[in-house]
Amino acid sequence: MKFRNVMLAGFLLILLSPSVKAQFTVPDLPYAYDALEPAIDKETMQIHHDKHHAAYVKNLNDAVKGTAAEKASLASILAGVSKYSTAIRNNAGGHYNHSLFWQIMAPKPGAPSPAFAKVIDGTFGSLDKFKAAFADSAAKRFGSGWAWLIVQKGKLKISTTPNQDNPLMDVVKEKGTPILALDVWEHAYYLKYQNKRPDYISAWWTVVNWTEVERRYNQAK
């Protein structure tokens, strides 16, 4: 009995040790839950980050156990996602997509810099034309999914993906490096906007962190 108790204590110590941790973790929000109001309400942010994103991370950690993805980076998993299970694909995408989504929003973010505005103008004609094209793609994404601004061979391009797929995955048609992401799953907006996805998209522009978008563009081009 004493030996059994010692073994149990040792097992619990291993489980609780700081050195033993999940492979993937939920990043903290870079702002308060209510910081994006009125565009995105506090309750939606709490549920979206603490429940939905957390679930993707938990499910991803569970899904990779005992697989070739167990010690792989998130970037590596996404790049070769076709060789993994649907559970890994969905939850790895969900983790990456939401992690990016939080970063490209900010309270009172301002407008694109003159340099980045020139890049947008050169591709889409103007910032307003880009917003209109992006919003149209996001609104027309059937069911659940994401809208993206990506860098593809040095050029800006708008794309959308279903479910939790993203342009880094080897299974998608339009591949590229995402620099702007919009979640159009209903859980991202339904508490405040109900079925009015276009209203959500319109409000979302007021919290786009253009500084972060430009930083990612400069890294990807």
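Along the chain as shown, the residues are counted starting at 1.
Glycine is no exception: its Cβ is also placed from the backbone N, Cα and C atoms.
The signal peptide annotation in TrEMBL covers 1-22.
TrEMBL lists 23-106 with the feature domain 'Manganese/iron superoxide dismutase N-terminal'.
DSSP gives Asp183 (Mn(2+) binding site) a strand state. Taking Cβ-Cβ distances under 8 Å and a sequence separation of 6 or more, the neighbours of Asp183 (Mn(2+) binding site) in its chain are His48, Asn97, His98, Phe101, Trp146. Residues or ranges marked as Mn(2+) binding site by TrEMBL: His48, His98, Asp183, His187.
According to TrEMBL, the feature domain 'Manganese/iron superoxide dismutase C-terminal' maps to 113-216.
Sequence-distant contacts of His187 (Mn(2+) binding site), defined by Cβ-Cβ distance under 8 angstroms and a gap of at least six in the same chain, are Ile47, His48, His52.
Within 8 Å of the centroid defined by the CB atoms of His48, His98, Asp183, His187, the record's Mn(2+) site, lie the Cβ atoms of His49, His52, His53, Phe101, Trp185, Ala188, excluding the listed residues themselves. Neighbours of His98 (Mn(2+) binding site), defined as other CB atoms within 10 A of its CB across all chains, total 24. In the three-state DSSP scheme, His98 (Mn(2+) binding site) falls into the helix class.
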